[in-house]
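For reference, the structure is listed below as structure tokens.
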Amino acid sequence: MPVVAVGTALLASLLFALSAVAQQRAAADAPGGAALLGALVHSPLWLAGTAAGGLGFVALVGARASGPLLLVQPLLATTLLFALPLAARLRGRPVTRADLTWAATLTVALAVFVASGRPEPGAAPASSASWAPAVGGAVVVVAACVAAAARRPPGTARAVLLAAAAAVSFALGAVLLAGVVDSLGRGPVAAVTAWPTWAVLAAVLGGSWLQQAAYQAGDLALSLPVVTAGEQGVAAVLGVVVLGERVAPGPAAVLAFVVVLVAAAVLARAAAPARKRAAR
């Protein structure tokens, strides 16, 4: 098991949790409407959260350079383990016994998945022939979800559709990060000019916008689990299909991964702030 990949993935999770909690707190204290963005860019707490998120992305790139997506991506679910006590403290309530149970379940499921699945990287970088249908298919799914959401009034259905679109967009960005890591081996200029770098940027920005739209359309406790579990599931499928990554066959790894998705969705719901203007 790549120890460096596990360590840097956990570091990225911690930084992402700090970023999310700091930005959520800053957004909750900021005025709404057109003044929101101006207030946030002048908020030291929001800027600190943004810096933590940037460092988290650097750690994530390091993790992906050291280990396969099927190892790193599930470990990012530990962001919820770090965020849960921080969110509970901000809301002035203790972490419940049920939350602790699901946190323990997630931890055990991750350990079982890593130990029994033994994720391995693909034999070679993905070819253009592999990327094209994956990117095209993801764009079609996102567009279909957005179009369906546009025909529905604010509420559960619209929020879930937009959250699903955000999950697919984030998952695509996670898979495309493999192309960024490959280009980094050819130097910084190659990385900046490589199409996967700009595709990742577009996927992340698009996913963030869709996620915020989902938060505004309905209850955050409904949309956040869809984003959290959906991103993990779609990224795993793309990792196998596009990147050729492998896990050891067996019911233990499959069951553990399903439990990871369920536990992540439950913990995301528990960690969801009361205000809907949450930040990723």
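Just so it is clear, glycine is given a Cβ too, placed from its N, Cα and C backbone atoms.
TrEMBL has this to say about the protein:
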- 1-22: signal peptide (SIGNAL)
- 43-62: transmembrane segment (TRANSMEM)
- 69-88: transmembrane segment (TRANSMEM)
- 100-117: transmembrane segment (TRANSMEM)
- 129-150: transmembrane segment (TRANSMEM)
- 156-177: transmembrane segment (TRANSMEM)
- 189-210: transmembrane segment (TRANSMEM)
- 252-272: transmembrane segment (TRANSMEM)
Would you confirm whether the transmembrane segment (100-117) and the transmembrane segment (69-88) meet the contact rule of 3 or more C-beta pairs below 8 angstroms, pairs 6 or more apart in sequence?
yes
Interface check, the transmembrane segment (69-88) with the transmembrane segment (189-210), three or more C-beta pairs under 8 A:
no
Intrachain neighbours beyond the transmembrane segment (252-272), with Cβ under 8 angstroms and 6 or more residues off its ends:
74, 77, 80-81, 83-84, 87-88, 96, 98-99, 102-103, 105-106, 109-110, 112-113, 116-117, 220-222, 224-229, 232-233, 236, 278
